[in-house]
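Feature annotation from TrEMBL assigns domain 'AP180 N-terminal homology (ANTH)' to 2-133.
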Amino acid sequence: MFEYEEYISLRAVNDPNEGYDSILQLMELQDAIEDFQKLIFASINQTPDNLCKVSALVPLISEAYGIYKFCTSMLRAMYQQLGDDDALQALFEKFDSQHFVLRDFFTDCNSIKFLTTLVSIPRLPSSPPSLKVGDGETSIL
């Protein structure tokens with residue numbers, strides 16, 4: 001998994017404002033993936049031959065989960081760096097809402113047998129992971 005520390009070392013920047021903007025942009029991309037997957041699911045129910053349409057979900061599953069993991073890592077690192085709930089509250093709330101949408105998306109994908117033969121579909125917990133992890137703590141994603 002690509003971690004936040006790797007990101008800032010590659011970018012050679014440790015600016016919280018840039019990190020905030022990056023997370024916001026990733027969350028906007030996650031929203032776009034949500035819109036697209038809803039469009040695909042809506043069209044699947046309208047036609048009998050859906051294998052091509054269903055296979056279009058494969059890259060969305062991979063991208064959405066990668067963004068989710070990276071946002072989790074970045075938000076935890078920013079919380080450790082800033083230690084300020086108020087500054088990150090809007091991002092935490094957005095992350096939580098996206099968690100539930102993503103969990104539902106993955107659940108819907110798991111219900112399509114053909115799709116489960118193409119890709120490993122993640123299973124998210126019923127609650128979002130804790131983003132307020134201190135330096136000495138570890139948390140399971």
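Just so you know, glycine gets a Cβ as well, placed from its N, Cα and C.
Across the domain 'AP180 N-terminal homology (ANTH)' (2-133), the prediction's mean pLDDT works out to 87. Mapped onto DSSP classes, the domain 'AP180 N-terminal homology (ANTH)' (2-133) shows 100 helix, 0 strand, 32 coil.
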